[in-house]
Every structure is written in structure tokens, then in C-alpha cells.
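Trainee: Below are the features I grabbed from TrEMBL:
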type    : residues                     : note
DOMAIN  : 30-370                       : domain 'Orn/DAP/Arg decarboxylase 2 C-terminal'
DOMAIN  : 37-279                       : domain 'Orn/DAP/Arg decarboxylase 2 N-terminal'
MOD_RES : 60                           : N6-(pyridoxal phosphate)lysine
BINDING : 239, 273, 274, 275, 276, 372 : pyridoxal 5'-phosphate binding site
BINDING : 276, 312, 316, 344, 372      : substrate binding site
């Protein structure tokens, strides 16, 4: 579900016209619905009521501290992959005891920071990482709670850039090596192995890959318990897909009905790392048409948003639905490329897409942009990063201001002898 709806041809976010927000702050900008965010968290939470569970919001999807505060208020934890994301989660009010630290390149400083804050656990991805976590914990006179990220060699059937559960992936420890790594971890004085973790990939559109992998993961957890290990958590990862255009996806209820039977007798609490399913349909990117142009019969709509603002179409060949913020009477559909001002041919938001005819000054909405939108944005071409706006009912809050030219060079310095 989402709260971006048309009323008499005008796009609203909850109870506010999107065009009114654009008139107030200019374009481009990201626009989020609070109700959509919180409704998604509640739906996932409700679907897993039959199991002891924790929803950990994936900070990488949308890391604005206002969003993180909303997640914390709903009782969610956080899935972080860097010291910076840990800092954000804590600043947003997420309880440290609900934070899991994933990622395969943790540094000693990040490990120390997380241990000082008292996070729930680390998801460790290699034997060398386990040794480093142990070393840091021993120096601090403590034990680090860990889960090993196990690679089950299951095809998630998604874009290769975001598939992480196959044996040739850089992620995780091969399933056949996991038992030996757990036995080593159990003997290290600075480690307390308390969980098993997997993560298959992102934008996974069916439950079958999860069913296949979780049978293996649940069996491993049971075997570890037989050996006397205090395995309390099975972290099923995330990657739950959503609808960008016309994809068929599963609901939280459908997903839960498929996997709860596999885990109900595990004796473990379940952790989910959910980002896209919560944030994706909760946000749009609003952009203004600058020009229409035509080259040898090819039609282009040039807008003021670009690949630095929304990278997914260029990077993943992702398709986002695009529509007018206000429908023009009598406007016909035409096939166009929607492109930005950046000096690369890869700078596009859509290619060969049917959209309603637009004129300079018209506003377009790029839908399903709440996840991996701003969080993947950059200052490429020295473009200022856009503002983020959160709507709650009839109120709109700027939760990140538009950058200035001064922001672009903040932190830079010219040596005196130049």
C-alpha cells in the first residue's frame, strides 16, 4: 500500500497536494509518507505474530534520522553495515540492543564502537573477521555476541548486482564450512556465538528461495544446539521484493505463511532485515520538466533530476513508474526517454517509456523511490543533493534541506603554496 493517490487528476501525498510542496521548496526533491512507512512496519510485525521476532530496519535503504526515529517509535531495530549507519541509528533513537551489525569489511574501530554501545550482535562473514572481533573484544575485556553469515548457495533470482546468496558471491561463509567455524568461535574467549544469519539478495519476488535456504539454516541451528551452543536467533536477512511497475510480489502475510512453519520449532527468535519493503513505496522523487527535444525521431524529456539523485535506473536497469503530478486535459501518451542534465548517456530515469505528453515546467513523479534513492545519491557533476520532505497527514516537514554551493566544498582545502 501507499499514500500517493490521484484525486481529480492531481497527485496527493496523504492529505497534501504534491504540487503545493513543489511550489514551496522547488525541485527536485524526495517526498515521503509517514503513514506508508509505519503501516508497512506494522504489517510485517503483525504477519509474524506467531513467532518471537524482531524487525530490523535496513538503514542503507533510507538513512535519514527522521525515518529512523519513526522506525524506533514503531519498536523496530536496525540493520547497519558501517560505523556511520550505527551512529545514525543511535541518533534516531534505535535501541542498541536491537541493532545487528552486518557487512563483510568491518574495521577494528567499528567493532569497538559497536561493543561499547552494546549492540545485539555482529553478523560475521569470514574466519579472519571472527578473529578480529575476538581480538577487539578481548582487549576490551568483554565478549562479542556473533552470528555467522552462512552462504546457502541458493539462487535468489534477482539482478546479479544484488544477488548475495550464491557460492561465488563475496558474502558469507559456505554452508559446508559453517559448522567448523562455529566450533572455532565457541572456543575463542572474546566470542559468544548466539545466532545464525543468512542474506540471499535484494528485490526477491518469490518466497521459494527463502524456503529452500531456511530449511538448511534451521537444520544448522538445530545441529549447533546439539553441540551445546546457545543459538538463540535465526536471522533470515531481507531482500523482500516490492512492485515497481507490474511485478508480482508476495505480501508479508504470504511470506510469513510460507516460512513460519519452517522456523516454528527452531527454538529461536527470528530477526528480519527489512528495508525496501518498508521504504520503497513510501517515497517518490519529484522533478520538473526543463525541455522537450527530438533527435532523429527519438524523443527526450529533459528533467532537473538526474542519475546522481536516483541511481537505480542507470546502475541496475531498474524501472520506476513515472507519472505527472497534475494530469493535463487531453494529453496523449508518447514514448520518450526521461533524462537528466548529467553529461553521460547513462543519465536517465526511464528509457522508451510511455508517459503523458508534458511541457516545460510540468512536474513528474518518479514512484517507488523511497528506498535506495537519496541514500545512493551523490554530488556527481557538483550537483547539490536534493531535500527530503516527510508528510504526516496535512503537515509537511523538511527533514533534509537542499544543499548549497558552499556545502559542495565543505571540508576541502587549498594548500597555501598553490
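Heads up, the Cβ atoms here are built off N, Cα and C, so glycines get one too.
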Trainee: Determine the C-alpha span of the pyridoxal 5'-phosphate site listed in the record, that is the greatest distance between any two of 239, 273, 274, 275, 276, 372, in Å to the nearest whole number.
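Mentor: The two farthest binding residues have Cα atoms 15 Å apart.
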Trainee: To which of the binding-site residues 316, 372 does the lowest count of other Cβ atoms within 10 Å belong?
Mentor: 316
Trainee: Taking the Cβ of each of the binding-site residues and counting other Cβ atoms inside 10 Å, which one has the highest number: 273, 344?
Mentor: 273
Trainee: Please state whether DSSP places residue 274 (pyridoxal 5'-phosphate binding site) in a helix, a strand or coil.
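Mentor: DSSP call for residue 274 (pyridoxal 5'-phosphate binding site): strand.
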Trainee: Need one number for the substrate-binding residues 276, 312, 316, 344, 372: the maximum pairwise CA distance in Å, whole number please.
Mentor: 28
Trainee: What is the pLDDT of the domain 'Orn/DAP/Arg decarboxylase 2 C-terminal' (30-370) when averaged and given as a whole number?
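Mentor: That region's mean pLDDT is 92.
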Trainee: Three states by DSSP: which one describes residue 312 (substrate binding site)?
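Mentor: For residue 312 (substrate binding site) - judged by DSSP and reduced to three states - the answer is helix.
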Trainee: Identify, in sequence order, the residues in the chain of residue 275 (pyridoxal 5'-phosphate binding site) that are 6 or more apart from it along the sequence and have a CB within less than 8 Å of its CB; answer 'none' if there are none.
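Mentor: Once residues fewer than 6 apart are set aside, residue 275 (pyridoxal 5'-phosphate binding site) is near 57, 58, 59, 60, 61, 62, 79, 238, 371, 372.
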Trainee: What three-state class does DSSP give residue 60 (N6-(pyridoxal phosphate)lysine)?
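Mentor: DSSP assigns residue 60 (N6-(pyridoxal phosphate)lysine) to coil.
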Trainee: What is the nearest of the binding-site residues 312, 316, 344 to residue 276 (pyridoxal 5'-phosphate binding site), using the Cα of each?
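Mentor: Nearest candidate: 312.
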Trainee: What is the interatomic distance between the Cα atoms of residue 344 (substrate binding site) and residue 274 (pyridoxal 5'-phosphate binding site), given in whole Å?
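Mentor: Each residue's Cα considered, residue 344 (substrate binding site) and residue 274 (pyridoxal 5'-phosphate binding site) end up 33 Å apart.
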Trainee: Per residue, counting other C-beta atoms within 10 angstroms of the C-beta, which of the recorded positions 60, 276, 312 reaches the highest number?
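Mentor: Buried the deepest by this measure is 276.
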